[in-house]
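J.: Marked as domain 'Cation-transporting P-type ATPase N-terminal' by TrEMBL: 2-75. Under the heading transmembrane segment, TrEMBL lists 47-71, 83-102, 248-269, 275-299, 670-691, 697-717, 738-764, 784-805, 825-844, 856-872.
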Amino acid sequence: MFIANLSVAEALESLRTTEEGLSNDEAQRRLKEFGYNKLEEIKRQSILLLFLREFTHFFAIILWVAAGLAFFAEVNAPGEGMLALGIAILGVILINGIFSFWQEYRAERAIAALTKLLPQQALVYRDGKMQTVSAEILVPGDCLVLEEGDNVPADCRVIYASGVRVNTATITGESLPKARIADAVTDNSVLNAKNLLLAGTSIMSGQCRAIIFATGLHTEFGQIAHLTQTEKSSVSHLQQEIARLSKLVAAFAAFLGLVFFVVGTVIGLPFWTSLMFAIGIIVANVPEGLLPTVTLSLAMATQRMAKRNALVRHLPAVETLGSTTVICSDKTGTLTQNKMTAAQIYIHEQLVSVADHAQYENEIRLIQNAQYCHNLKKSFQKKHYVLLGDPMEIALAEFGRKSHDFGDIPVLSEIAFDSERKRMSVVIEHDGVRWLYCKGAPEMVLPLCSHIDSRNVISPADQAVQQQIIAAQNRMAKDGLRVLAFAYCRLEAEQTPQEENLIFSALIGLQDPPRPEVKEAIERCHSAGIKVIMVTGDHPQTAVAIARQIGLIKSDNPLVLQGEALRKMTAAHLHLALESPEIIFARVTAEQKMHVVKALKRKKEIVAVTGDGVNDAPALKIADIGIAMGISGTDVAKEAADIILLDDNFASIVNAIEEGRTVFENIRKFMTYILTSNIPEILPYIAFVIFRIPLPLTIIQILAVDLGTDMLPALALGAEPSDKKLMQQPPRPPKERLLSWGVVIRAYLWLGMLEAAASLFVFFFVLRQSGWEYGSMLGNTDPLYLQATTACLASIVMAQVINLFVCRHPRASAFPMKLSHNPMLWLGIAVEVVLILLVVYTPWGNELFGTHPLELAVWGLMIVLALGLGVLEEGRKLVARRFFSK
Ligand code: ATP
């Protein structure tokens, strides 16, 4: 017995259910029996494997080789300190592996947590009432209500269908939508049967009711789910760049190591000593922790964005957002509140307020039209029926109900709405007569009318009457109202419903106030150099009125392009039109919206586009950033999008852009910080080789900085809050390199040099104080030498403490920046200071790192020099702000 071959009644019988679905109790019972409607948790890689991966990647292998060489050297030339170096490198591999693993793990958890914010919902009959429930608790026998844009949550048999077309690409790979019906079929294949809907597919048009026959792993999708589990997560441009950069720096480090080895050998250093230097240089400069830190920064940004109502579906979207140059936004619901109320009526050649009941209380046709011509669903919530669906339709139905409630009249048939036709119609029967009620955009409804109020006949010659209606529409639109026309006709007994020879009854103007926060958001876009283009299906005058209210247009004559005009434009025309500073697209269809997006992309703009319907999916995919509405958006739109707005609010897009910009800046900040300390680590070696002085900093001490004291502060810089000024600058060019010349020069040639000078100064200060003369060499264990290297190490760390503050911004002074805005900084500094004190003052610290306790006066000098670095950098910033505008 194959369910597709059964009649509707037999299918219901076989699943022990009815057209009204199951009772709540029965559904509970079946849930226990059949389990939750979900696929097994995607098998994530085992934690152990993830952990091991951190020890086997490119950098780890370089380090393993270095450690191997050190041990090999120890065997060949014992007593040269190679054993300690080898052990230190193993320590590096371990610390690094654990740290990277922790970051990757946190990043992965952060992303995983986001998906839980948007659980899939389904509309289902339970106890005879329609309810919205989590898709996870659906059971066989449940009766689903599905419509355009919905994902099908389980395998089901259609029992009622109206114009249903379904996209089965996820299962069959076929992308052309296919029709679905309720009748029994003779087909024997689950995939092809025309009365089945399979989980994982989506409804492209129409509405239907369907009974679930398989859930969770028992669905067709469940069986092939392993295919989707192997889907690779996308790697962002930024991550690619960091990976490339890290390899470049590693290659540079290897080259430098080689040069040191050769130079060391040439100037007569023992072979093993030269080798040790070479290894040290490589280990010190390999940027092991960079990539995981960047990934973690991106992941943290997605969490901050989620808190501000923007859910990021793909990590790369975070950085693309930061360079967005144009936002194409819908009007209704995104810029406006989508809280509609009927405000004005144009009836009997008069424009009246809705409050003036006397003017229309006897207009049965208009009232019934408003009450029944819609696509709403009745749902039972908290002991009341509520209407679910488009707020405009809810407002109209309420308006009708308040005027005169005609009770529960079933809709016999419907000619559905789509954004091309901009109208819809229904057929109902009242007092034995069938009526067709039509509502829609006036320019789409009026041409179908032959009468007005059943009195005047509109003939092509009777332009004046039409002109009056159009004038009334314009008047309402100028006030920002959305205007719909209402018309109807009486159908004869056997007549098939058609939208022709209609009788015009009225225009209704609906108010939809702008969202209060949008005005400021638009201003922020403008000062951030981001162009906002309204792309709406609504009337141009309504669009302009709303655009004015929210400050989107300020001039007297903005460019308003309508769908019709757009159709006739050449690519060059459109290209030029898009240059105009204030531009609005009105009465456009989803397809035309896509043309606009394509044209903007051809202009090399980075385009963010909002959308909610099935038709918007292509535009959302094509855009650099597709943004779907979380509340009003269809599942199909959400799946095509990179970002989902949990509150449908335009202001949330702007907040997300701010976060996107912040991430990029923060990554630059911690790169500057990390790169700075490379210079005082390398210069001592060069000085040692060229000037024949005692080596100011040993390899193990370098490692103490790179993998100890520097780590947490760098992470703290990655968590810096947004800088308000970021949104007063133009968007970052998408090709702009993370490691720009500015960053390299500031880190290596300025801050790094200052730090190197300070640390070498302290080194020689300690030596000279004890009477050291240039040219005399000191033994590796000489207390004076130990003190001097310790001072060099500690002064690098002290300078890094101050550097942390100045790295918080490349131009702005560090003084006004509150530390309380980023508590991680405190932690970073505390750990940094405690670590260096442990290294300097504990016996095992002295043993491990070759250090010696320091006198208080030396600390004083170090602190003064570190503060000097801060003062000089503040001075540089001052000059930069004064004389070099950005
Ligand atoms: P946007 O959300 O982009 O600002 P919109 O919601 O007005 O625009 P569409 O949904 O494409 O865009 O609607 C276009 C026009 O179709 C509307 O201005 C209205 O005149 C008409 N319309 C919209 N919804 C309905 C409906 N449910 N029934 C009849 N007509 C409708």
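Backbone N, Cα and C define each Cβ position, glycine as well.
A TrEMBL annotation is a machine prediction, not a hand-curated record.
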J.: Test the contact criterion for the transmembrane segment (248-269) and the transmembrane segment (738-764): 3 or more CB pairs under 8 Å, pairs 6 or more apart in sequence, then answer yes or no.
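T.: They are not in contact.
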J.: Any chance you could find the range in 83-102, 697-717, 825-844 with the most Cβ pairs under 8 Å to the transmembrane segment (47-71)?
T.: 83-102
J.: Between 670-691, 738-764, 784-805, 825-844, who has the most Cβ pairs under 8 Å to the transmembrane segment (856-872)?
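T.: When the Cβ pairs under 8 Å are tallied, 784-805 comes out ahead.
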J.: Give the one range among 670-691, 697-717, 738-764, 825-844 whose Cβ atoms make the most pairs under 8 Å with those of the transmembrane segment (83-102).
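T.: So the stretch in question is 697-717.
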J.: Which numbers of helix, strand and coil residues does DSSP report for the domain 'Cation-transporting P-type ATPase N-terminal' (2-75)?
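T.: Split by secondary structure, the domain 'Cation-transporting P-type ATPase N-terminal' (2-75) comes out as 46 helix, 1 strand, 27 coil.
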J.: If you count Cβ pairs under 8 Å, which stretch among 275-299, 670-691, 784-805 touches the transmembrane segment (825-844) the most?
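T.: Looking only at 275-299, 670-691, 784-805, the most contacts with the transmembrane segment (825-844) come from 784-805.
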J.: Cβ under 8 Å, sequence separation of at least 6 from the ends of the transmembrane segment (670-691): give me the contacting residues as numbers and ranges.
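T.: Distant Cβ neighbours of the transmembrane segment (670-691) are 256, 260, 263-264, 267, 277, 280-281, 284-285, 287, 290, 293, 297, 697, 702, 705-706, 710, 713-715, 717-718, 738-739, 743-744, 746-748, 751-753, 755-756, 758-760, 763, 792, 796, 799-800, 803-804, 807, 810.
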